[in-house]
Structure formats: structure tokens, C-alpha cells
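Shown next, in C-alpha cells, is the structure this report addresses.
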């Protein structure tokens, strides 16, 4: 079984085919062919809406060959094909014709439409990304699109930097002197030409990717990132100070009151959280669902920890195509045993008997909504003929991972959890009949407490959220994973602390149904993040169109739901430890 997992890990982390990166040696001789691939085109402001390069009526000087992609590259929407331009190593070229094509009226109309929508192209040269716009629109102060002038860029200038026998950097520019007028609705003969210049540089090959991370490391960006951390740290200090000076003082007074003069205390009526000691460990309703949420949240937390570890060691360097998606799929599959073990063991501690049904619920609690969302969005992408639509073969591969890795590990983890043979550690005995909960003020109810619990952790991370969104749903590059790791750690700490504080206030109000409340309060930050999605979409981005809108809100709903489960499990665990501690510290008759 272990060898099978290692095989899967190797195949899907490093590619589904041995032919992953042509020219991976990165050493060339004069006139050697250096691989140049055309990847995709799409509107600049809609990062999810991308299409194959030759979906537009470009020409090619040779039969188009598709590059074999790894799993993560396909999930990332990459569809690399051979480009019409030939950039041999150290070969200078001046205004060479790559290919010639006569554009029909339909082709001209298609180019006009994409130029108006600010389409860009992306290519890869020796695994280095390059971009450029397809054309430009001259409006001359006019507001009617039919009066605009449309121009197609038909000449590309490639400037390539090299160090001895290796390619270090490439820059592509569109020449404003080479334009094709597509304003009129008629056939046009177009020569696609290009120029290649080579320049020597002292930058070593190992540092050729550093230029792509400079933007996020600029001083003013670093200042904002550090301000985000300082803001988060202040939030943590305020919260911990609040707990230390108020909560612990109240608890200390409670302990003194309950421990002092026990004979006199026997004649007094108990109040506050000690009064409900015989109900606080009463097992909650829907315990199978609670255990499944705890198991799924623990798995997602483990997944996040592993992703941060890989990021900190430099696996996700800029434009390592598909590495993040591959890591997410593989690590999620390999950690499914954690979900099964956590869920089944906790469910059996709560004296549950239908552990098989609990395992099925655990396996589908997160994957079920994700599958439904993916099915809808993939159908939308197929209708748009976008590269975000996964090929049938990739869907089969993902299904095989689920069938051969995820499900068996989930079952094995569940069996191990069921056979753990441990009882729920409750320091107080539970009575047969539950105590009636007194009427609560409006601010002590579930929704107001969820709002209070989610706002503070969200305030600790919202500054960093903008940069994450601009990277995932834009064209910024995020590389400061150390800062992101610190912010995530602060998020975990704040979530645990605020949930513990609210659990205490709930128990002090003689409300013993804290189980679900702690999970909902801990996970409520996910709802705040989704609310931020609305703000980001309408106020900070220029995204538009049905496909981009559905992709943004659909996949962000799944991500925020994952945060809800992960942070909810953290809040519940922290509250459980707290409740056990305070009731273990007093004498309960």
C-alpha cells in the first residue's frame, strides 16, 4: 500500500507523462531549438476565462503539436502548443515572416471583438512566461464602438538574455509601427513577423525566476505586508490580554468561590457555569454530522500545514505551472485517512453506532459540495469552450485518485478510529434529563455570537486577503509565504481564543448547548471571507461576464466553506479543552 501511494505521489506531483518539460536540461548550443509554446489567450480582467491560442485565427508555419501536460497544469488551464515563431539559441533575426494568412470577414470580426475586450496572449519560452496584447483600440474621444479604429499587432520583438549556454530571461514587445487595420469589415492579408535579439547577462541560471517575485518584495509592498502582521499581532495581544485580565480573573474568582468553605457552599444554591455541570457534557444532537465536520476540518487543517511547508521550502516558485494544484490534489488524497480516523474515533466516543454512515458523511461533507460546484462550472466552461474545462481523461484520473487513494485511506482511517477503544473524557456525570435553558438576551444567541466570533479573526487577516485575491484572481505574483504563514498562524490563535471566550460567556449564562455553537463560532470567519468576496468583485476588480462571475463566486464558496470547516474544528477543539479544564478544576457532586 505504501509503495502504491509513493507511485501516485510521484506520478501526479511530477507529471502524468515522462515528457513533462521539453528541454529540461536548459543547456543549449548555437542554433539549438529552444522550446517556445503558445499557451492561451483571454480577456485581461477575467483570469478564469482563457481559451486556446489557436481558437483565434492565428496562422502557423508547421503542423501544431500539443505539449503533454502534468495534472496540475491541466487543472491550471494550461494548454501548450507549438508556437509559429522559431527562436533558435543565439540566432539573431530581423523582421522574419513567421507565417502568412488571409483573414476572412469572420476572422476580422473575431479579432475586433477580442481586441475590444483587451485580450492578451501567454507563451512559454524555455519554461519562462511571456505576455503581450493582441492589438489596440483607438477611440479618439468617441463613445460608439462602431466608430472605433481597431488595430492588430502583427510583429513581435523578442529580447532574450543568456548566460553562457543557458536562457536567463525573455521579454516580448509589440511593435507599434507594425499594425494591421481591422476597422473595415473586409478580408485582410496579414504577415505575422518577428525579430529576435540576444544579449548576454551575468545573472546565474539559479536566479532567473527572481525577477517575477520582485513586485511582491518591493519596499512599499513589504511595508503593507508588515503592517498586516502588526495589525494581526495587535489583535492577538488585545485578545490574549482580554482573556488574561478578565476571563482568567473571573474564573479564578469562581474557583475560589466554589472551593472555599465547601460546607457552607452546600447550603447555597449554585449559579453560573457550575450550575450546569450535569448537562455540559451531554452529547449533542446530530453527533454524526458534528464528528464528520470535525474530521473534515482536521484534514483541511493538515492540508494547509503541508501546503505552507512546501511553500516555505520553495516548491511554489513563480510560474511553476500547476505545482500548487497538484500538491492540493495529492496531499488531500493522502490525508483522507486523518479525516476518517478523527471522525470515527470522536463519533464512537459519543457512543455512536452507525460508523459506516458516519464515514460516508465524512467523505462527502466537503467533496460533495465541491463536486456539485465543479460539475456546474465545468459545464459552463465547456459551453464557453474555455481551457478551464477539464478533458475527460483528466476527470478519469481524478476519479481514479479518489477511488484508489482517497476512499481506501478514508476507510482505513475510519476502521483505526473505530477500534481506538477510548471513552469520552467527561469530568462530570451527566443527568438523565436535560436542564431547561433560561431565556437568553439577543446578543447571547447563535447568530450574534457568530458575528462577534468571525469579525475579530477576519480583522486580523483582511489586509493580506487583498494580495491573495489579486494573485489568485488577477495577475499579481505572491511569493512572501513566510508572512502568509505568520498571518495564518495568527488566524488560528485568534479563532481559538475568541471561541473559548464566547464559550465561557455561554456557559456563564447557563446555556449548556455549547457543542455546535463553538464550531459555528469558530467557522464564522469563512462567512466574513465570502462577504469580502462580494466587496472585492464589485469594488476592487474589473471582472465581468457570466463565466468569470460563476467561477469566482462558485470556487470561492468552496474555499470559504473549507475555511468554515477548518476553523470550526479549531474552535471546537479549543472549547472542548477549555470546558474539560474548568470542570475538572472544581468539585462536582
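Every residue, even glycine, has its Cβ placed from backbone N, Cα and C.
Just so you know, TrEMBL annotations never went through curation; they're auto-generated.
From a predicted model like this one, the values you see are computed outputs, not experimental measurements.
Feature annotations, courtesy of TrEMBL:
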SIGNAL    1-21  signal peptide
TRANSMEM  226-248  transmembrane segment
TRANSMEM  289-317  transmembrane segment
TRANSMEM  323-347  transmembrane segment
TRANSMEM  359-384  transmembrane segment
TRANSMEM  390-412  transmembrane segment
TRANSMEM  450-469  transmembrane segment
TRANSMEM  481-507  transmembrane segment
TRANSMEM  519-539  transmembrane segment
TRANSMEM  551-579  transmembrane segment
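Proximity of the transmembrane segment (323-347) to the transmembrane segment (390-412) is established through 3 or more Cβ-Cβ distances under 8 Å for residue pairs spaced 6 or more apart. Taking every recorded stretch in 359-384, 390-412, 519-539 and counting its Cβ pairs under 8 Å to the transmembrane segment (450-469), the highest total belongs to 519-539. Contact between the transmembrane segment (226-248) and the transmembrane segment (390-412) is not supported, since fewer than 3 Cβ pairs fall under 8 Å when only residues 6 or more apart in sequence are counted. Here the transmembrane segment (481-507) has long-range neighbours at 225-226, 228-229, 232-233, 235-236, 239-240, 242-243, 247, 250-251, 272-273, 276, 280, 304, 308, 311-312, 316, 444, 449, 452-453, 456-457, 460-461, 464, 468, 514, 517-518, 521-522, 525, 567, 570-575, 578-579, 582, meaning same-chain residues at least 6 beyond its ends whose C-beta is under 8 angstroms from one of its own.
Remote same-chain residues near the transmembrane segment (359-384) are listed as 49, 288-289, 291-293, 295-296, 300, 336, 339-340, 343-344, 390, 402, 406-407, 410-411, 414, 546-547, 550-551, 554-555, 557-558, 561-562, 565 (criterion: CB distance under 8 Å, separation of at least six residues from the stretch ends).
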